[in-house]
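> I grabbed these lines from TrEMBL:
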TRANSMEM  12-33  transmembrane segment
TRANSMEM  68-89  transmembrane segment
TRANSMEM  95-112  transmembrane segment
TRANSMEM  191-210  transmembrane segment
TRANSMEM  241-259  transmembrane segment
TRANSMEM  310-329  transmembrane segment
ACT_SITE  HIS324  active site
TRANSMEM  335-353  transmembrane segment
TRANSMEM  365-388  transmembrane segment
Amino acid sequence: REGRGGWGTGILNWCVVMYGILVDPIQVVSLFLKDPYSWPAACLIIGREPLSVICYCRTGTISKTTGLILHILNLTSMLILSSATALTVTSMTPVGGVISLGVYTVLFLKLYSYQDTNRWCREIRQAKAKKMTRSFSCKSSNGSAAHTHVSYPGNLTHRDMYYFVFAPTLCYQLNFPRSPRIRKRFLMRRLLEMLFLMQLLVGLIQQWMVPTIQNSMKPFQEMDFSRMVERLLKLAVPNHLIWLIFFYWFFHSSLNFVAEMLQFGDREFYRDWWNSETVTYFWANWNIPVHKWCLRHFYKPMLRNGVNKFLAQTAVFLASAFFHEYLVSVPLKMFRLWAFMGMMAQVPLAWFVGRFLNGNYGNAAMWISLIIGQPIAVLMYVHDYYIIHHVNTT
């Protein structure tokens, strides 16, 4: 005999009960706001618009030298002013600082690409080339007839720039691939995934990860090596699980949601990094937007200027290490270089795995570096933050 009723009421009650047990709403709000009347992170994010307008104005209306100077000042001020705000405003929380600095870092990379791509177009136009051969000037192969082909300088409009600012990509193109319509069912699935996984992440962090980190402080203060290793291994599992859920939430659910809203056709946000047999393959495939930006605007230009492949790869890791440290140390208001050293350690690790480990052994080495490496950095930062803000204060 079939049971009466559907799943709806029981599952809803289960969610309410679990939400009440796993999630403390007050603690969640305190991660973003210290003072309910002061919203520095939100104000900092909203204040990014004038920086975009400066980039737009400088692209086509002033001289090349003046434009280059303004471009450099604009990008530099983005990083410096956002950092100064996060360091000096006492009401900004670490989580708010990470979000606001992350937004400014994304805008920094986007505006760099916007200027670079339009410079290429301008150089080709000045050389009176009859046919553009760069990928960014090609017609969209996936778009509909409603999206017309644009050529330089017809792309220099506020509408075009703001579409790029909100699009889920870091590399500018004159003609992005576009989808013919917005799929409402697809959009709702991604939205439900985002909401559910966010609640799951908050619950796991509060009930599993935070207590483990708190129990790890005493062994680190006493330098009890055996208990430190034990706490590290206990933290590795929840940290890795949370990282995997966050990866799906951001790269699959959130970016696809934004892409569907904007009818953005390029949905390759990641590839099969879980099958990586080398560290280099992992870093090239787990975050495709950043990888494409580094390849297009950083790595290939260095190769064209005569830099050898190894030095160019090391320079890419160096830039990545800087931004990792920037996004952690500035919001925490302390500088320990753990994230920087962790990223730079990927260079010898990539060489070792590529040279001595093949197949499943290389894949296992990649997974071990993720599972063990991340919680080490987490514990280092949490320990130092605890010492600075709690032990020294008392």
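Here the Cβ of each residue, glycine as well, is placed from N, Cα and C on the backbone.
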> Under a criterion of Cβ-Cβ distance under 8 Å and sequence separation of at least 6, what residues of the same chain contact HIS324 (active site)?
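The answer is ALA339, PHE340, GLY342, MET343.
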> Can you work out which residues elsewhere in the same chain, 6+ from the ends of the transmembrane segment (241-259), have a Cβ less than 8 Å from its Cβ atoms?
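Contacts of the transmembrane segment (241-259) (Cβ under 8 Å, skipping residues fewer than 6 from its ends): 166-168, 179, 186-187, 190-191, 193-194, 197-198, 200-201, 204-205, 209, 265-267, 269-270, 286-287, 370, 374.
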> What parts of the chain pack near the transmembrane segment (365-388), using Cβ distances under 8 Å and only residues at least 6 beyond its ends?
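Beyond its ends, the transmembrane segment (365-388) has Cβ neighbours at 213, 216-217, 220-221, 231-232, 235-237, 239-240, 243, 276-279, 282, 328, 332, 334, 336, 338-339, 342, 345-346, 349, 353, 357.
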